[in-house]
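Trainee: Have a look at this one.
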Amino acid sequence: MQCVKLPISVTVEINLLLVAVTALALVTRLYGIHFPKAVVFDEVYYGQFLSLYMKQVFFIDESGPPFGHMILALGAYFGGFDGNFVWNRIGAEYTSNVPVWSLRVIPALAGSLCIPLAYLLVVELGYSHFSAVGACVLLLMENSLIVQSRFMLLESVLIFFLLLAVLSYLRFHKAQNNSSFRWFWLVICGVSCACGIGVKYMGMFTYFLLLGLAAVHTWQLIGDRTLSHSKVVVQVLVRFLALVVLPVIMYLGFFYVHLTLLYRSGPHDQMMSSAFQASLEGGLARITQGQPLDVAFGSQVTLRTVSSKPVPCWLHSHKANYPIRYENGRGSSHQQQVTCYPFKDVNNWWIIKDPGRHSVVVSSPPKPVRHGDIIQLLHGMSSRYLNTHDVAAPMSPHSQEVSGYIDFNVSMPAQNLWRVDIVNRESDREIWKTILSEVRLVHVNTSAVLKLSGASLPEWGFKQLEVVGDKIYKGYQQSGMWNVEEHRYGRSQEQKERELELKSPTQSDIKRNLTFIAKFFELQWKMLTVKNEESEHKYSSSPLEWITMDTNIAYWLHPSSNAQIQLIGNIVNWTIANLALVVYCLMFLTYLLRRRRKVEDVPQDSWEQLVLAGVVCFGGWAVNYLPFFLMEKTLFLYHYLPALTFKILQIPMVVEHLYIHVLRSPAQRKGFGGVILAVLCSVYVAHHNLSPLTYGQPALSSDELAALRWRESWDILLRKR
């Protein structure tokens, strides 16, 4: 056996520049993050979800996936937060049980680590360490990025994952085929892409950019004749697994953890289906557990619309008739009103009756209702049959009125037969299931479908929602789908006994759960389709205002002094970033046209370096900015920060290219160096002057604040004393 030679030595290389910029980043982002000890802007939004996480109560946030919320909740968990705080207004003082530092430290760390990632990214693109330091200096002194990193917000976390994804892909692409870390970097890229999308849907933009870049590189790989067919297949397969399959699995995993943690009934339950609600602990689950699964003739049921627009509601009737004539002079049947009511009520109960039998109780054994069966729906409290006929609906005259039939002996016969159409059936004789079956009720006489129109009735209808018979119903429409939510087997034939039975609670002894995949798809659909109605926010802005920073956002104002925190960027940074963007476009187009004419102004490797830098930086800016022009949601300046980060990264790359390949004489380069130094000094001066608005201290006088209003459109708050 060969002896091990001693001594064993280990050589460690430390990049002192990287250590220095990382330390500075930690100082600028972490210093005093416990101040102010009050709710700052969107902390009021994320804090509500944080409290629900701590109490494991279900919620839905239509603005994005749950991974970002889970990251914030992790800080709250380690800080010992119990979730007991009322997030009702910006500026509310945090109570002693709220660990402010723990809530804000993860976004601050993510914002700090963006600086060394920027350094490594510039170097990985082939530019000098001097340019990498320049990029770090510009990002270190970007006031808007500092502000967004220091509070319980998600943009800094998103930017961290985007930069890590781009860096790891570049390292994978540039690594030698025999490098042991090559595939490690590809996996890190896939993980980072998944995390970015999991924090905010905006992460999808950079993910698509990287997928496009990877597709180009993969296409080049396929054309490499030096590789065997088997190696090409393996390389393509591994890329697909790491960049497509892995992010999909992780995305599903985020929701699995989210739904596992939030198992209790909460304030957003009504947005979800009855089956989803019944899978949560408490709430509807407490009511529906132990209900009979099969709907039978004689069953007492509440029918909930599958649609949640405008709000979830239940088929309802009450002892009030339609007016004889409406405001526009049209006549009605003057029969009992049938509506959709968005609250649980005893008047939501209906009895499934067999038209061929007089009995309204469940037989022994129960006779189940199947797809295609004809039924009558008898209102439990008023004993009126659900009816529709060729009378125009009150708010939707193109549809039929739906009513509780009253025999006025005026030659208006009952039309109260309905066919049960189970939409999500697996067989043509499937039994109608409680909660699980989506049912369309088709009127036998007119073929109209019982449907929620969405219109609100006037005062005579108590502002409840209109239900109509739609004769031109086509395709799948959630507004025409109903499911049985609460269900019991009726035992009382007499009306008074039945009314007492309907008012008593249902049994609770059996639990019924949905599968994770079913819950995932329902939750994902709701997140993408259900939007809160948003009024125009005071600090909302359009994408055009972001480029020149014509807007700002007041994040916090001290209750008695002029101390305040504003989301305002370093105006010099934004200006030179715009200039660098224009210069890059002009250079790229000029080189491209001249190369088409076989004139090569720069070597091939420098050209490829410039193109790759453009794909990453210009492309990163474009994909994270231009899509906002197509969005209808309320937009804020902080939505621009990922695009801004990529745009700032382009500045030192353009500067280095100009210095090396465009400026020829020493005098030109010397003068250009002086300009660069002057710009950096201006960046520092702007950063320093805006720092009181970035950190919220020290408090400035009204005159000092007025002097910082460098743009007329900036809304800096002045407290006159």
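Placed from the backbone N, Cα and C atoms, the Cβ positions cover glycine too.
Residues or ranges marked as transmembrane segment by TrEMBL: 12-32, 67-87, 99-119, 153-171, 183-216, 236-257, 571-589, 610-631. According to TrEMBL, the feature domain 'MIR' maps to 292-355, 366-423, 428-487.
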Trainee: Any chance the transmembrane segment (610-631) and the transmembrane segment (67-87) are in contact, meaning at least three CB pairs closer than 8 A with a sequence separation of 6+?
Mentor: no
Trainee: Do the transmembrane segment (99-119) and the transmembrane segment (12-32) come close, with at least three CB pairs under 8 A (pairs 6 or more apart in sequence)?
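Mentor: These two segments touch.
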Trainee: In the same chain, who gets a Cβ under 8 Å from the transmembrane segment (12-32) while lying at least 6 residues past its ends?
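Mentor: Answer is 105, 108-109, 111-116, 119-120, 129, 132-133, 136-137, 140, 146, 149-150, 156, 695, 697.
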Trainee: Near the transmembrane segment (571-589), which residues from the same chain, at least 6 beyond its ends, have a CB less than 8 A from one of its CBs?
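Mentor: Residues packing against the transmembrane segment (571-589) from afar: 138, 141-142, 547-549, 610-611, 614, 617-618, 621, 644, 647-648, 650-651, 653-655, 657-658, 662, 679, 682-683, 685-686, 710-711.
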Trainee: Across the domain 'MIR' (292-355), what does the pLDDT come to on average, as a whole number?
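Mentor: Across the domain 'MIR' (292-355), the average pLDDT comes out at 90.
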